[in-house]
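Undergrad: Below is a structure I'd like to ask you about.
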Amino acid sequence: MAELTEVRAADLAALEFFTGCRPSALEPLATQLRPLKAEPGQVLIRQGDPALTFMLIESGRVQVSHAVADGPPIVLDIEPGLIIGEIALLRDAPRTATVVAAEPVIGWVGDRDAFDTILHLPGMFDRLVRIARQRLAAFITPIPVQVRTGEWFYLRPVLPGDVERTLNGPVEFSSETLYRRFQSVRKPTRALLEYLFEVDYADHFVWVMTEGALGPVIADARFVREGHNATMAEVAFTVGDDYQGRGIGSFLMGALIVSANYVGVQRFNARVLTDNMAMRKIMDRLGAVWVREDLGVVMTEVDVPPVDTVPFEPELIDQIRDATRKVIRAVSQ
């Protein structure tokens with residue numbers, strides 16, 4: 001039995017959800033789980049049911065469907081390696097969505113006691129909260145937007161799976177682009193990308209722009225407060241190589257301004273490479289005065305402009321503000 005536990009614990013440690021956990025730390029949890037095997041189309045969780053269990057998916061995709069009163073269900077694909085069913089357990093509330101196996105699924109099922117074991121693993125409570133918040137936020141409809149060149153893209157808050165899409169997606173972020181963004185010649189690590197994409201939407205808010213409603217991420221923009229509920233936040237942008245020079249960064253700044261006003265951020269600061277002229281021009285429009293911070297690096301602080309200065313149609317401003325409100329309300333429930 002001990003040998004079987006060690007094998008299962010090692011299998012658990014291989015899941016993306018348990019990144020950083022040693023197999024030995026997962027042995028108590030392994031004894032509390034039972035095997036899961038599901039065929040395509042099988043309902044694993046039903047919206048509205050009591051929350052008694054969670055599931056860890058080793059292989060196979062599942063689809064999470066959230067029924068809404070005023071429209072069709074909103075569907076999100078969840079890749080293997082992650083947990084499902086955690087939101088209702090964290091909130092001690094009925095299921096918030098229906099989960100169906102999209103492919104043959106193999107994994108494990110755990111009860112509330114097993115979930116409590118996970119919560120007591122170092123760092124796992126915060127990880128669970130971030131995942132749950134993002135899944136609630138996933139039920140926000142992407143906003144179709146038109147940039148300076150007349151092209152249409154989609155704007156939405158960052159969602160689960162964007163780490164994988166950025167690492168392995170079709171949109172190229174060249175060494176030069178990454179250098180300007182991260183001030184390093186090395187490709188950002190998965191750990192850094194997980195920090196950048198696993199956010200709380202209140203102190204760390206990220207908009208992404210996609211090619212098509214379900215398409216790849218082509219750009220992102222974020223603000224990160226200097227402390228909980230602080231009025232100062234750092235801003236940063238990344239735009240895929242083939243999408244630069246189209247006004248996407250300027251558009252994303254407008255969206256950040258709307259969201260920042262909503263959450264009470266009053267000043268932005270930015271730390272950029274001296275030759276990152278695209279970012280500097282965006283900040284210059286807000287009245288930036290640049291100060292050298294280090295060799296090849298400059299920084300600035302600017303006031304967050306009022307929303308009525310953003311060059312968007314009132315309807316679009318309302319959509320961005322509404323999406324900000326919904327995502328923050330979702331994660332605070």
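The chain as shown is numbered from 1 upward.
The backbone N, Cα and C atoms fix where each Cβ goes, glycine too.
According to Swiss-Prot, the record shows the following:
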- G85, E86, I87, A88, R95, T96, R135: 3',5'-cyclic AMP binding site (BINDING)
- E211: Mg(2+) binding site (BINDING)
- F237, T238, V239, G245, R246, G247, I248, G249, S250, N276, R285: substrate binding site (BINDING)
- 153-317: domain 'N-acetyltransferase' (DOMAIN)
Undergrad: Can you tell me how far the Cα of T96 (3',5'-cyclic AMP binding site) sits from the Cα of E211 (Mg(2+) binding site), in Å?
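TA: The separation of the Cα atoms works out to 28 Å.
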Undergrad: Judged by the number of other CB atoms within 10 angstroms, which among T96, S250 is the least packed of the binding-site residues?
TA: S250
Undergrad: Once G85, E86, I87, A88, R95, T96, R135 are set aside, which residues in the chain still have Cβ within 8 Å of the Cβ centroid of the 3',5'-cyclic AMP site?
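TA: Leaving out the recorded residues gives I45, A51, I84, L89, L90, R91, A97, A132.
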Undergrad: Determine, using Cα-Cα distances only, which of these binding-site residues is closest to G85 (3',5'-cyclic AMP binding site): F237, R246, S250, R285.
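TA: Comparing Cα positions, the candidate nearest G85 (3',5'-cyclic AMP binding site) turns out to be F237.
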Undergrad: I need the CA-to-CA distance for R246 (substrate binding site) versus E86 (3',5'-cyclic AMP binding site), whole Å please.
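TA: Spelling it out, the Cα of R246 (substrate binding site) and the Cα of E86 (3',5'-cyclic AMP binding site) are 40 Å apart.
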Undergrad: Name, in the order they occur in the sequence, the residues of the same chain whose CB lies under 8 A from the CB of A88 (3',5'-cyclic AMP binding site) and which sit 6 or more residues away.
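TA: Result: A51, P94, R95, T96.
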Undergrad: Name the residue among the binding-site residues R246, R285 whose Cβ has the smallest number of other Cβ atoms within 10 Å.
TA: R285
Undergrad: Distance check, please: Cα of R135 (3',5'-cyclic AMP binding site) against Cα of S250 (substrate binding site), rounded to an integer number of angstrom.
TA: 28
Undergrad: In the three-state scheme derived from DSSP, which category covers V239 (substrate binding site)?
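TA: DSSP assigns V239 (substrate binding site) to strand.
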